[in-house]
Amino acid sequence: MTTQTNHSLLKKHILLGISGSIAAYKIPELIRLLRKKGAAVRVIITNTAKKFITPLTLQTISGNTVISNLIDNSSSDEINHISLAKWADIIILAPATADLIARLAAGIANDFITTVCLASTSPVAVAPTMNNQMYHATVTQDNLKKLKNRKYIIWGPTYGIQACNSIGLGRMIEPLIMVDLINNYFNSKKDFKNIKILITAGPTRENIDPIRFISNYSSGYMGFAIAKEAIKRGAEVTLITGPVYLKTPFGANRINITNCMDMHKQVHKIINKQNIFIGCAAVSDYRSKTIYKHKIKKEKNEINIFLIKNPDIISTVANLKKNRPYVVGFAAESENIKKYAYEKLKQKKLDLICANDISIPNNGFNSKNNKLYLFDKNKSIQLPYCDKNELSHYLLNEIIKRYEKN
Ligand code: C5P
């Protein structure tokens, strides 16, 4: 998350449209953060929103007159809806109520916000904010789909407790996250735009009885960091993950699985639509032949658990005859990295393999840092030892170069 003071939004014109939701009380903080980054902020507010936050507060924080009524005798020519529409580099509607979303979807222009949106060619980002039932209502979902089809950007909502005390999807994304998204919108390369990436992450758990399983120490950090970076760069990301304690990267389509067979099934459900497959998961190579229905009792001194081989998911993807994506694998090695990595690259028919030396303390497995060696059929390179978030940036630079040549 971007928290440091910098001027990455210098001279960006941000037009904020606030509609009537309790989350409007968070908008002064958003404006403060945006101005700290150098942005100029102008605010339009609906009449209902004025019941939650005063125009005077917004005017003081933004340093600009707050606009509300469509026909306002006090407003000069400089701030009519057409000039504001041209002024904005981006329009952000936050909080955006179900009502505002419905009016936008229908093309109604009965207040300042909807009129400016209709008159503008600038990108519009919408932060839906409402009770979770209202959010899930078919009509709201249809309206959001309409906006998406018209290239509106939809940010959120997030999951959690709501003002009405219900729990679910419907909270406005937090100002800090919104600033990050705005920052990414203006400052990040969009070299993965229109590219669909499927990433597997974390460990798998292979059950033995109702409470015991075979697994490993994979944290999921690497796969989640790649997902976050790929989304930032415009990719459409699906993350199929084993049990991990990590937050879903904003914008990722997350599918939770437990064991290898589940992961295999979920991967093959959607693989034919993917451009790139990145197998980051530490998949158990074996599973118990029998999953005991009841807890195994410690009656005997020795017991046998018969293991059978799991499918190698990445190999099944790399061997696809139709709609085969570009395939990137990982290898955690404790010795002979180069030799084993090349063998895996060939044996599994991968396009690229990322190998790490897990014999180095704090490297790779269950660690925040990593040092990767990349091997493809032509060459090998070493990426810098760094935090997995930064490493994802370097890794995706290498993947996109090769994917485009492919
Ligand atoms: O063979 P090994 O487990 O070292 O290979 C690692 C690579 O293979 C990783 O990309 C991992 O996600 C993938 N893999 C898989 N299915 C398995 C085992 C490994 O997709 N059953």
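The backbone N, Cα and C atoms fix where each Cβ goes, glycine too.
Automatic prediction, not curation, is the source of TrEMBL annotations.
Given the structure is predicted, the values throughout are model-derived calculations rather than measurements.
Per TrEMBL, these features apply:
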REGION    1-196  region 'Phosphopantothenoylcysteine decarboxylase'
DOMAIN    12-162  domain 'Flavoprotein'
ACT_SITE  Cys164  active site, proton donor
DOMAIN    193-401  domain 'DNA/pantothenate metabolism flavoprotein C-terminal'
REGION    197-406  region 'Phosphopantothenate--cysteine ligase'
BINDING   Gly279, Cys280, Ala281, Asp285, Lys295, Pro311, Asp312, Ile313, Ile314, Phe330, Lys344, Lys348  CTP binding site
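Residues Gly279, Cys280, Ala281, Asp285, Lys295, Pro311, Asp312, Ile313, Ile314, Phe330, Lys344, Lys348, recorded as binding CTP, reach a greatest CA to CA spacing of 37 Å. Only Ala281, Asp312, of the binding-site residues Ala281, Lys295, Asp312, place a Cβ under 6 Å from an atom of ligand 1. Between the CA atoms of Asp312 (CTP binding site) and the residue listed as 'active site, proton donor' there is a gap of 47 Å. Each of the binding-site residues Ala281, Asp312, Ile314 was scored by how many other Cβ atoms lie within 10 Å of its Cβ, and the smallest score goes to Asp312. Lys295 (CTP binding site) sits 43 Å from Cys164 (active site, proton donor), counting Cα to Cα. Contacts of Gly279 (CTP binding site) defined by a Cβ separation under 8 A and a same-chain sequence distance of 6+ are given as Thr200, Ile313, Ile314, Val317, Val327, Val328, Gly329, Phe330, in order along the sequence. In sequence order, Asn131 are the residues near the residue listed as 'active site, proton donor', counting only same-chain partners six or more apart with C-beta under 8 A. Note on the binding-site residues Lys295, Lys344: the fewest other CB atoms within 10 A surround the CB of Lys295.
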